[in-house]
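The block underneath contains the structure these notes are about, expressed in structure tokens.
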Amino acid sequence: MIFYDIAAMALIGIGHLYLFSLLIDYKKFSLGYVLVIGVLLTFFVGISITLTGLVELNVVLLSLFLVLIGLMNKKLKPLTVIYFALCSMVLFTVIKNGLFSLVRGLYIESPFNYYSWTDSALHFWTLVVLVLAMYIARKKIEQIGRYMVASRWYIPSFILAIVCTLLLLVINYPTISLLAQINALYSKQIYSIILLLSVLLMLIVTISVYMSKERLIEEHEMMLQSQLIDYVNKLELMHDDLATFRHDYMNLLLSLEEGIRTKNIEQIEQIYDNTIAPTTAIINDQQLELVKLSRVKIPEIKSVLSVKIVTAQHKQLQVSVDIPHDIRHVYIPTNDFIRMISILIDNATEEASKSTNKLIQIALFETDPETQYCVVKNSTDAEALDLQSMYNKSYSTKGEQRGYGLFSIKRLLAQHANMTLSTSLESQMFTQTVLLKMDRS
Amino acid sequence: MSIFILEDDVFQAQSLKRSIEEICLAQHIPYNFIEATSRYEHIINKIPSCTYLPIYFLDIEIKHEERKGLEVAQEIRKVDPHGIIVFVTTHSELASISYQYMVSALTFIEKDQPHPERMQKIAACLQHYVTKNKVEHKEDYFFVENAYTSVKVPFHTIEYIMTDDPHRLKLITTNQLIQLYGSLKELEQIDSRLIRCHKSYLVNVQQMKELDVSGQQVILMSGKQVPVSRRMMKKMKAILKDR
């Protein structure tokens, strides 16, 4: 019996911590780490409660502990950490208690014998099942964590979580007289209210996850569409320019012919200086960089690239594109490629527009049929960068709430073994080179 | 010193040849011959008879074939992996990063640049050529070549390699950060000058400056610090001493 109780206590601590670490998506915790800290947490809480006799410490210490651990992860905002701490605590406690009551009820109804240790054993096994279930559904839970923060139900669910925590404080046989009184008077009601509220909380979480998923997909589609429209517009514009040029060109030839016929070298010179020489500007025009995208045979990538290039050109950057051969496929999923190249070019654009030279170079090519390169270079005024820490979640030279770009590139790297990224800064050019090997598996 | 020019426009070829002659005369750079031609077969055939490392000035667009120069460069690379290739090109084709990767071209000279700047650029190429011919040392590269990646960096620039996400590594050189898939065990076997100083670090012997015994780390030339595990301390001391 004592074994079951101690193990159950440890499992409670582990469960809280595990749910929390899943929700905040903190990869640094290995499973073993969670186990050890969870056990420590339980005994710490247990000892402090027996020493002080204050049962309230249970909830308070637990939430404090979770928040502290969350804050160790500096990439998260404190408010988000508190939110997830409360959420995970309330949800875990309620689900655990609910499940336990259910199992116990069922057991008593069943023909099995009821011993004095049955409760402890049931408690323990419920917890085991719960923790295992969390482990199995860990991917889903992580996802939920990511969606929740962006969801518009964030604030209502936050309030709900706070209310639930306060109610938990009351229901937990408090020793402070005021709370104890309330507990004595309304404990039954409060219990059902908590159940109701947490069911509501869970409902909100699931609905909002579903909704934000829809929203994200919708946004993505809208973005693709608008990019395509941008591209088509730009192409039309270029076509008009070329048509005008052709028209002018015919006239030019006619007047030149006249000059040659009359052997009037002055007239020829004049025509050359005034009319022909300026056309080099048209031929070297930045807009023609877009034409080089015709070698990209993947429409989504082409449209994203065109938009990024046009945006950079709008910022008065000189963009050069180098795509020597047709690109018919990329060696990572198209979505991931788009994400990667968008981040690289966005960063390059931002940095280049602050630099004196205002240059961007984009290259996409294969050196052999198995190796693809994607190079994005930009001019910069920076002398040195801490290349190592650039890829942390919070690192950004651009101020708060940025830094996610390179971090998500790092995530892509972790997902694709055939992807290699090299980053360098040399003679005021910042270069990101992505190497993709053909996936033979 | 052997100089090749591939250019289908006779005037431009002569002009480039004259520029090179002028520069060589002014800077006292001796040369065996300057061969200006519009037929690349001439060049390929003549490479084996060169006593020195040659330098090639290639026009990218030959006889209206837009990327002929590149193909020629690839042909040249088959025979001569070390020669210096300089592309001569019109402005719009400039900044071809891909060329540098595909045939490791030295640089580009723009045809429509003002004369003085062009001369400067040609002079810089020739200077580079002279120094490269003087220091006849084989470039010492570190290669990682497998199904997942192809990495090539000059060995002496490597500082250290460390583990990152599961099965991912960070290779830190003096001016680059390379994030690749692989294991320390695998890279350790490629070059014995990489020492496993810690469970998750490989350090380049050449880059080590001193050992910080109390801090349990090794200090590199650049001042960066790499942790050393207690077990390895003795061995590291010995290695630093032997060096």
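Glycine too: its Cβ is placed from the backbone N, Cα and C atoms.
No curator has checked TrEMBL annotations; they are predicted automatically.
Quick look at what TrEMBL annotates:
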- A:6-24: transmembrane segment (TRANSMEM)
- A:31-51: transmembrane segment (TRANSMEM)
- A:57-73: transmembrane segment (TRANSMEM)
- A:80-100: transmembrane segment (TRANSMEM)
- A:120-137: transmembrane segment (TRANSMEM)
- A:158-184: transmembrane segment (TRANSMEM)
- A:190-212: transmembrane segment (TRANSMEM)
- A:335-436: domain 'Sensor histidine kinase NatK-like C-terminal' (DOMAIN)
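Secondary structure of the domain 'Sensor histidine kinase NatK-like C-terminal' (A:335-436) per DSSP (helix as H, G, I; strand as E, B; remaining residues coil): 35 helix, 35 strand, 32 coil. Relative to the transmembrane segment (A:120-137), the listed stretch A:6-24 leads the set A:6-24, A:31-51, A:80-100, A:190-212 in CB pairs under 8 A. Mean pLDDT across the domain 'Sensor histidine kinase NatK-like C-terminal' (A:335-436) comes to 81 in this model. With a cut-off of 8 Å between Cβ atoms, the residues of this chain six or more beyond the transmembrane segment (A:31-51) that come close are 9-18, 21, 57-58, 61-62, 65, 69. Same-chain residues lying 6 or more positions outside the transmembrane segment (A:158-184) and placing a CB less than 8 Å from one of its CB atoms are 53-56, 58-60, 63, 83, 86-87, 89-90, 93-94, 190-191, 193-194, 197-198, 200-201, 204.
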